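These notes are about the structure you will find just below.
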Amino acid sequence: MAPTEEANVTKPTGELRPDEKLNYEEDVKCSGSSSTTVGKTAYDTDDISQSQAAELQDLARQLSRASRQGGLDVENEPQQVINPFLDSESDPELNPDSKSFNVAKWLKTILQITSRDPERFPKRTAGVSFRNMNVHGYGTAADYQSDVGNLPLKAWSGIMSMLGLRKKVRIDILRDFEGLVKSGEMLVVLGRPGSGCSTLLRTLSGETHGLYLDEGNDIQYQGISWEQMHKNFRGEVIYQAETETHFPQMTVGDTLYFAARARAPANRLPGVSREQYAIHMRSMVMSMLSLSHTINTQVGNEYIRGVSGGERKRISIAETTLSGSPLQCWDNSTRGLDSANALEFVKSLRLSTKYSGTTAIVAIYQAGQAIYDIFDKAVVLYEGHQIYFGNAVRAKEYFIEMGFDCPSRQTTADFLTSVTSPSERRVRPGYESRVPQTPAEFAQRWKESEDRRILMQEIDEYNKTYPLHGEQLQKFQASRLAEKSRSTSKSSPYTLSYPMEIKLCMWRGFQRLKGDMSMTLTSIIGNIAMSLIIASVFYNQQETTDSFFSRGSLLFFAILMNAFASSLEILTLWHQRPIVEKHDKYALYHPSSEAISSILVDMPAKLAVAIVFNLIIYFMTNLRRTPGHFFIFFLFSFTTTLTMSNVFRSIAAVSRTLSQALVPTSIFMLALVIYTGFTIPVRDMRPWFKWISYINPIQYAFESLMINEFHDREFKCAVYIPSGPGYSNVSGTSKICAAKGAMAGKPTVSGDVFLRETYSYYASHMWRNYGIIVAFFLFFLFVYITATELVSAKPSKGEILVFPKGKVPAFLKQSKKKQDPEAASTQEKQPVETSGHDQTAAIVKQTSVFHWESVCYDIKIKKESRRILDNVDGWVKPGTLTALMGVSGAGKTTLLDVLANRVTMGVVTGEMLVDGRLRDDSFQRKTGYVQQQDLHLEISTVREALTFSALLRQPNTTPYEEKVAYVEEVIKMLGMEEYANAVVGVLGEGLNVEQRKRLTIGVEIAAKPDLLLFFDEPTSGLDSQTAWSICTLMRKLADHGQAVLCTIHQPSAMLMQEFDRLLFLASGGRTVYFGELGKHMSTLIEYFESKGAPKCPPDANPAEWMLEVIGAAPGSKTDIDWPAVWRDSAERVEVRRHLAELKSELSQKPQTPRLTGYGEFAMPLWKQYLIVQHRMFQQYWRSPDYIYSKACLAIVPTLFIGFTFYKEQVSLQGIQNQMFAIFMFMILFPNLVQQMMPYFVIQRSLYEVRERPSKTYSWIAFMISSVVVEIPWNALLTVPAFFCWYYPIGFYKNAIPTDAVTERSGTMFLLILIFLMFSSTFSSMVIAGIEQAETGGNIAQLCFSLTLVFCGVLVSPTAMPGFWIFMYRLSPFTYFVSAVLSTGVGRTDIVCAANEILRLTPAAGQTCMEYLGPYTKFAGGRILTPDATDMCEFCAVADTDTFLKGVNIIFDERWRNIGILFGYIAFNMVGAIGLYWLLRVPKRKSGVKQGQQPQKQANETKA
């Protein structure tokens, strides 16, 4: 940081001469308004910034160059120049918080100031030139779907490939690319999906995960090599992906403030602090992108309410802008924005490039002409080939000269991309045989062109002007160095110093906590509740030997609760990982800075939880009540919490996928619990697993807690042997305390002796253990911090199709065998042209007319009624394609939902009729609704998804064969033959965007809708060619008798010509126009022109012209109230007359047989169930990750437990160990439960969002099938779980003396099956009514903890406070433990181990039998030396039944307990169905108030 950077200096003066004023604001007017004034906030004001500085310097670079070239004379300006950062109030146009703010003037002013001091503000620009750029990857164009049967084979193939024993298939993605984009220029990248647009951007920006550059690539950034730019100057060339990754809990203002502060330079304008800089830059960018009104709104995501999707996209744009990179690659960043906001975004880029010299490379879909005209250059890609690069204006002429024709009113961008589509390009007459046909031919024509020769000449000249490692590199380095904090190293790509990064990340961490306190509060409240419950169970422990086991149990439970308090941090870290990796690529901060800051930010919450939990536990249970011992207890507990937090963070950081983190973690946690030293003492551990205890931090903590509690302490004996009648006068060495460590004749037992005899613990180990725990803490802290810097998340694969095994198409197999790069490329296959008859002829022609009149829709917002739709009229007739258009927020989708009977709240009034009759229960299943989101079951193939819809939604009277045959017709009609057997999958591994949209349409057509088809934004987010293909498909459907109503967002003129009628809505849901469009939309244009609108230019897009006419386009205004004009027009009178005519005539017409079915569903419930159950089984079979994870949980932990307690002896400790083996088996429960929930949620989401509204099948069929599908897998997995657990432990040996080995083995097998069935049905019950799997998992975990505490293992029912006995009886695990333990060890003699034998002296003159015989008759036990007279050896428990009675287990009740467990399973099933009905099934027909407008009547129902 420069010494003067914080000093207040005189503001520079000077102004531009009038004749030299930059006038670009006239060309690109980019001004925003802000409804919120940003005052000085309590942000940290330390040395933290660079992101915004980079941007300012970018601006400075351009102007200083202009000034040197004579473009600006800023040295001799007499008038004072305002510093916008300090004095913007004096000029509203420079104040981002003012409605008059002008971005162009602001930029000009900043550059005017910075250009006066080129030494303080050295400029930095980065154009890019590239030649011989070839990029390839490895993989296949198709893959076969994994399922339970073929996963091992697939895994083996993967291992072979990793070892290099199987040759990879090379896929060429980009071939021989060359280009030049100078600083200050904008390049638009055009091409169809799969043509390589994203790869081009990723390569230029250094995002090359999974990509490989060929030898000989020549990519230079204005004198800087590709390698040097992406190593030493990371963040100077950045890639902005399509996806939005932000912290949802943070406000928009804080999100952007963070980005501004992280890149705030050291060489800011004089007198401007980092805080002032960051706040002002944030306000400027928010104003520029019309985000000012969202400054205090949370960003949100799909689960957390926040800003809209379009606003979230603009936040990503703002964040990238604030990074201030001289070269920015934008990958489809306008996706999700309407055309107005997309245009504003591109204009803002133009301003940045013009004034600051930045370079923008933008891949954009559906670019309107106004957007395209802003760009300087264009590049056109065709399946990995470059077929044009050059001047954007020249591009159109280049292809016309080649022989292609551009239709009137087609935008240049659409024309250029249509050239790459054989079915859409138009050839001029006479050129049919002369134009290129294949991508290679296009590329060859480009290489032979004069345009390419000129380009290569320009590249040569450019590279000579900026030679590698020349003066430009030094300037670039000097510019970056000027921005960096003084303590930042020269080679670092980051602007801030490391401590500044940590401080800034801590600020953000606390803002995130403040934005969502629910997790912290839930954790504190949950821990208070759990501590109170546990403390009450172990309440006020007596200082006698009776408390030995319960004190151990308590400390065991306490240390586990402390240790695993941070286990969910794995999920938290994974959710934020994409954000941190993105910011690292932007060079905002080190990932390790975020790692350290997150530890520090979490510390107060951890400390609060630890204090509350441990205070309650310690003092309510009467643990050793001295200050010193409490603080030792707290110190070890809290240190263990921190250590285990680092352990879980390290696991998350070193894993490249979430499953890599979660599966080992569950087994890892099980190992830590078992080898803590309580469930199996150190001396009893088997040698092959004993090493685990040495690397287990919890084991050291538990030992120290036990030493802290028992060391140097005497416990009064609670029970003597012998005692009772006849032994009242026994004293001295003739009696002994019934506890380990007891000495004959001594009334107390030493805590130290007890620890030594039972656990092999020694007091000298306590502080040694603390040192070991701290060492673990430091080691895992180092691993965590190092891993965050070195390990990145696994990138997604390239776009490939996936097929079931054996169904990969022949053409893809051939490409794989021949290793033909072009055949194997990720190209998008064209729809197959079908020969013969038109496949759409198979569509059933619709005959009904759907018409509506005076439709209004009102909802209540903050107790005030708001009208969303206002007296909308219209109709849809068979064979017509009707467009529903309007400005953003006009209510287009809402009208579609109201008409389709899909709204769930509010008041709907008006008439909606089918052939003059009211809609009935069957209306929803008789209509098709193509939703905007393409929601399908990922594991289904295209054909299966279509068949599922046809089987369930076509009438029951239609034969099965006819339904299946119709599906084949739909596949041919939609051109889906090549991928009919392809799996839906996910984007990247499955269908691409267009294929998904076609499937969404196909699913609705396969249902043979009797009435009409609704389409909601079918072209949103698609490229122009895909949008065109979807519109032509809708046109084809309409031409064959379908009635189609489609919402569409500002389409091109070409798309609009496909529609017959238009319903146009203004804001507030008011009608602006309803009627015919006419040829070339002449009818529509005539209507508006006749009502006073300006003439529509011949080359204009009527859709955009119409928006300008009504004042809805950016910058447009109108004095005409167009909804009022429509309301009073003759056209509306004619619409009303025709509606009345339809109502009277059609109501008299008899209904066709297909329309007389009034049932809610097409199929009976039992058929629904069979079809849905079949799909559910199919889903599980094709989800090998889930099944094999489930199998791992059934095999690995049980095997681990089995060999941990291998061949346990029938001693007192052995029986207790066997009881703990059962206890450990139950710990699998939460993992099994949480594992199932996400799969249920996926199915339920699909059902509730798409299948339930369309009345595909009943919720009853869905719930029953989702519960039943688990049963066969549970039965199958019972086999390995039984053998891996039952036999290694040696339960079968206990049954040998009773001759009941077979019976007991069968009973144990049944009990394990019951356990697995209980787990799955309990999971179904918990998640049935809950939205998120995480919430369900937390509830299940809480229930599990309670049932585990009260099942009688850790605390016997006799030691339990009377209040909690009801929980003991309520816990299902009580009956499971009872049944398993009695089956496993019942009716067996106990053989005491040497350290369990009690030794005492008999009374004088008596043998041991004579002395202890009476005692054994009423108290039990076995005399091992009956004839001895000097020393008796006595085993306190003779048989296992006596041991079982001590924990309230009776052998003869095991079958009763099994019956009770079946009752719990049945309860879970009924509960799952009941909770789903209660919480998620709409209770009334429509869930809305409905009424008929003329009568103004509404039947009220609650949503």
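Cβ from N, Cα, C; glycine included.
Residues or ranges marked as compositional bias 'Basic and acidic residues' in Swiss-Prot: 14-29. According to Swiss-Prot, the domain 'ABC transporter 1' annotation covers 153-408. Positions annotated as domain 'ABC transporter 2' by Swiss-Prot: 850-1093. Residues annotated as N-linked glycosylation site in Swiss-Prot: ASN8, ASN332, ASN463, ASN729, ASN1499. Positions annotated as transmembrane segment by Swiss-Prot, on the basis of sequence analysis: 519-539, 554-574, 599-619, 628-648, 662-682, 771-791, 1186-1206, 1222-1242, 1259-1279, 1310-1330, 1346-1366, 1458-1478.
With a cut-off of 8 Å between Cβ atoms, the residues of this chain six or more beyond the transmembrane segment (554-574) that come close are 523, 527, 530-531, 534, 538, 541, 598, 602, 606, 609-610, 613-614, 617, 621, 623, 636-638, 640-641, 644-645, 648-649, 651-653, 658, 661-662, 665, 669, 672-673, 676, 678-679, 697-698, 701-702, 705-706, 709, 1334, 1349, 1354. Recorded residues ASN729 (N-linked glycosylation site) and ASN463 (N-linked glycosylation site) have their alpha carbons 108 Å apart, per Cα-Cα distance. Confidence for the domain 'ABC transporter 2' (850-1093), expressed as mean pLDDT, is 88.
Rounded to the nearest whole angstrom, the C-alpha distance between ASN332 (N-linked glycosylation site) and ASN463 (N-linked glycosylation site) is 29. Look at the Cβ of each of the glycosylation sites ASN332, ASN463, ASN729 and count the other Cβ atoms within 10 Å; the largest number goes with ASN332. Same-chain neighbours of the transmembrane segment (771-791): 580, 590-592, 594-596, 599, 636, 639-640, 642-643, 646-647, 649-650, 653-656, 697, 700-701, counting only residues six or more beyond its ends whose CB sits under 8 Å from a CB of the stretch. Packing against the transmembrane segment (1458-1478) from elsewhere in the chain are residues 1259-1260, 1263-1264, 1267, 1307, 1310-1311, 1314, 1317-1318, 1321-1322, 1324-1325, 1328-1329, 1372, 1375-1376, 1379: each is 6 or more residues past its ends and has a CB under 8 Å from a CB in it. Within the chain carrying the transmembrane segment (1186-1206), a Cβ under 8 angstroms from the stretch's Cβ atoms is held by residues 148, 151, 659, 663, 666-667, 670-671, 674-675, 680, 685-686, 688-689, 1180, 1217-1218, 1220-1221, 1224-1225, 1228, 1231-1232, 1235, 1239, 1273, 1277-1278, 1280-1281, 1284-1290, 1316, all 6 or more beyond its ends.
Per-stretch counts of Cβ pairs under 8 Å to the transmembrane segment (628-648) identify 599-619 as the leading one among 599-619, 662-682, 1222-1242, 1310-1330, 1346-1366.
Between the transmembrane segment (519-539) and the transmembrane segment (1310-1330) there are fewer than 3 Cβ pairs closer than 8 Å, counting only residues 6 or more apart in sequence, so the two stretches are not in contact.
Long-range neighbours of the transmembrane segment (1259-1279) within the same chain, counting only residues 6 or more positions beyond its ends whose Cβ lies under 8 Å from a Cβ of the stretch, are 1165, 1168-1169, 1172-1173, 1176-1177, 1179-1180, 1187, 1190-1191, 1194, 1236, 1240, 1243-1244, 1247, 1252, 1309, 1312-1313, 1316-1317, 1320-1321, 1324, 1328, 1469, 1472-1473, 1476-1477, 1480-1481. Segment contact holds for the transmembrane segment (1222-1242) and the transmembrane segment (1346-1366), given three or more CB pairs below 8 angstroms at sequence separation of 6 or more. For the transmembrane segment (599-619), the residues of the chain that approach it from at least six positions outside its boundaries are 502, 506, 509-510, 513, 520, 523-524, 527-528, 530-532, 534-535, 554, 558, 561-562, 565-566, 569, 625, 630, 633-634, 637-638, 641-642, 645-646, 649, 781, judged by C-beta separation under 8 angstroms.
Long-range Cβ contacts of the transmembrane segment (662-682) within its own chain (Cβ-Cβ under 8 Å, at least 6 residues beyond either end) map to 552-553, 555-556, 559-560, 563-564, 567, 570, 648, 651, 689-690, 692-693, 696, 698-699, 702-703, 758-761, 1189, 1192-1193, 1196-1197, 1200-1201, 1204-1205, 1213, 1217, 1220, 1223-1224, 1227-1228, 1231.
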